[in-house]
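Student: Below are the structure tokens for one structure; questions will follow.
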Amino acid sequence: MATKEKLQCLKDFHKDILKPSPGKSPGTRPEDEADGKPPQREKWSSKIDFVLSVAGGFVGLGNVWRFPYLCYKNGGGAFLIPYFIFLFGSGLPVFFLEVIIGQYTSEGGITCWEKICPLFSGIGYASIVIVSLLNVYYIVILAWATYYLFQSFQKDLPWAHCNHSWNTPQCMEDTLRRNESHWVSLSAANFTSPVIEFWERNVLSLSSGIDHPGSLKWDLALCLLLVWLVCFFCIWKGVRSTGKVVYFTATFPFAMLLVLLVRGLTLPGAGEGIKFYLYPNISRLEDPQVWIDAGTQIFFSYAICLGAMTSLGSYNKYKYNSYRDCMLLGCLNSGTSFVSGFAIFSILGFMAQEQGVDIADVAESGPGLAFIAYPKAVTMMPLPTFWSILFFIMLLLLGLDSQFVEVEGQITSLVDLYPSFLRKGYRREIFIAIVCSISYLLGLTMVTEGGMYVFQLFDYYAASGVCLLWVAFFECFVIAWIYGGDNLYDGIEDMIGYRPGPWMKYSWAVITPALCVGCFIFSLVKYVPLTYNKVYRYPDWAIGLGWGLALSSMVCIPLVIVILLCRTEGPLRVRIKYLITPREPNRWAVEREGATPFHSRATLMNGALMKPSHVIVETMM
């Protein structure tokens with residue numbers, strides 16, 4: 001087929017096949033329907049809205065508290081080798097794939113796969129399960145940050161001294177620890193830091209285990225309610241509100257990170273901290289765990305396999321050059337992670353010098369960095385209240401825009417399933433309120449005295465790297481080997497005016513699936529049951545619950561395949577051929593061969609087959 005004819009077919013395909021189903025415009029009101037206006041899917045008011053929304057969605061807490069620690073732990077500068085291999089081999093290709101599918105189909109994270117390849121629409125359901133679980137526990141971090149922010153508005157920070165009601169007789173302030181002769185004469189194991197006691201005894205009121213949940217922490221419950229209310233009002237009007245809020249939430253954290261970077265680099269001991277952060281240890285690359293950490297960090301930091309990037313892309317205009325901006329956003333994301341390491345480790349180097357200990361003794365990851373190491377560092381600086389307020393505002397904004405972008409992706413995907421019902425009147429807003437309320441109630445289990453154990457269980461299993469790798473593999477497999485990488489490239493050319501370099505197509509077909517399979521297998525081989533603080537061992541029932549959370553998303557893909565095959569009549573070969581082919585208004589081919597479509601939503605099954613030119617379907621024709 002000539003190139004012009006091919007492109008014209010693609011234009012017709014997008015117009016007639018992949019166009020949004022009726023009633024999919026956020027904010028469509030009864031008066032619009034009364035005027036007979038055909039509802040159109042809302043689009044970003046400008047490309048800056050999309051760019052800042054994506055930047056806010058994946059530049060989050062993981063860039064600040066996870067990447068620097070992984071870099072130090074896994075060989076310093078040597079860690080960048082597997083990191084960049086996974087970045088160009090899987091991170092950027094999958095990120096762009098999700099955005100461009102959303103833009104091409106104008107659909108959310110579930111219905112886009114129903115139009116591209118109905119048999120594998122379970123990919124969308126798996127993504128929604130993951131992001132729904134993620135939204136429940138990720139926002140708890142913001143509740144902790146909010147609590148710390150409120151506590152920072154004091155002349156003396158409450159975690160700087162041992163004279164509070166929650167402190168124990170074993171609490172020792174750092175001024176005493178610095179007195180080496182006094183410290184050596186005592187047993188270090190018998191004493192704790194005021195910042196640790198504030199975290200464990202005041203903020204968490206930590207119980208003895210997950211089977212002792214204890215009472216609800218009302219102060220944290222109110223903080224959690226506050227951040228959920230902020231999240232709701234940021235997204236309740238769809239992209240009209242989200243696209244404007246990110247002008248502040250996605251840019252201000254970068255300014256504060258720059259301020260913290262400059263401050264950290266001017267502290268004594270900063271040079272040693274940065275050396276510790278980047279000094280390469282090539283021998284660490286022999287450890288498979290280093291490669292697993294690199295792969296999972298890429299998937300976490302790019303917010304892929306969650307349906308959020310697909311939903312954000314679905315609001316792009318059809319001719320928008322998303323390839324260019326996706327590449328620039330990828331550079332921004334990874335660059336932020338790298339620069340954050342300088343800000344964090346310069347301060348950790350200062351801490352180590354002030355305490356007279358090795359940097360390895362103060363280096364933390366995750367909540368340990370945000371709520372123990374850094375709060376401890378600000379107590380050693382001039383103007384500790386100012387730096388504490390600045391840090392927790394930055395932390396709150398970094399997490400908040402990631403949270404509401406992920407919730408927006410979740411809502412868009414679910415609303416697109418039932419547009420004729422949820423797009424009427426104010427039903428979308430009511431639905432968002434219901435989803436946020438349910439997520440808040442589930443999150444209350446994590447702000448009890450045993451809530452930290454529940455939080456760690458969700459973090460370790462519910463949105464684990466294994467789940468994301470599983471989804472990414474099937475996304476690439478479907479596009480490269482069923483829909484056809486060349487077919488998608490034709491669509492991309494029609495949208496942006498040119499074909500991207502072939503490395504994307506090769507990554508979808510070979511490189512990304514290979515990296516996902518390798519990382520997936522090694523993750524299972526190297527699996528270690530969850531512990532808290534390397535001391536508390538979770539009971540067997542909790543480990544089983546954790547695996548249940550992980551499998552709840554992974555099982556969606558094979559489960560949907562089985563359900564669709566069972567609900568479609570005809571010979572198995574014909575059913576498969578019918579279900580792996582994109583839909584078209586004019587029925588032909590398969591139905592003449594005796595396959596009868598299953599009875600699902602009319603928007604999916606009112607069409608039949610587009611003549612395929614991709615690998616697996618061609619072998620079955």
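Note: Cβ is positioned from N, Cα and C throughout, glycine not excepted.
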Student: Do the topological domain labels in Swiss-Prot for Ser152 and Leu565 match, putting them on the same side of the membrane?
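Tutor: They are annotated on opposite sides of the bilayer.
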Student: If you count Cβ atoms within 10 Å of each one, which of the recorded positions Asn163, Asn281, Ser322 comes out on top?
Tutor: Ser322
Student: At a Cβ cut-off of 8 Å, and with pairs 6 or more apart in sequence only, do we get at least 3 pairs between the transmembrane segment (430-448) and the transmembrane segment (78-97), yes or no?
Tutor: no
Student: Give me the Cα-Cα distance between Asn163 (N-linked glycosylation site) and Asn281 (N-linked glycosylation site), rounded to a whole Å.
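Tutor: With the alpha carbons as reference points, the distance is 43 Å.
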Student: Please determine whether the transmembrane segment (465-485) and the transmembrane segment (381-400) are in contact (criterion: at least three Cβ-Cβ distances under 8 Å, sequence separation 6 or more).
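Tutor: Contact absent: fewer than 3 Cβ pairs fall under 8 Å.
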Student: Apart from its near flanks, which chain residues at least 6 from the ends of the transmembrane segment (545-563) lie with a Cβ under 8 angstroms of it?
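Tutor: Sequence-distant neighbours of the transmembrane segment (545-563): 119-123, 125-127, 129-130, 133, 457-458, 460-462, 464, 466-467, 470-471, 474, 530, 538.
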Student: Tally Cβ pairs under 8 Å between the transmembrane segment (506-525) and each listed stretch (78-97, 122-142, 245-262, 381-400), then give the stretch with the top tally.
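Tutor: Ranked by Cβ pairs under 8 Å, first place goes to 78-97.
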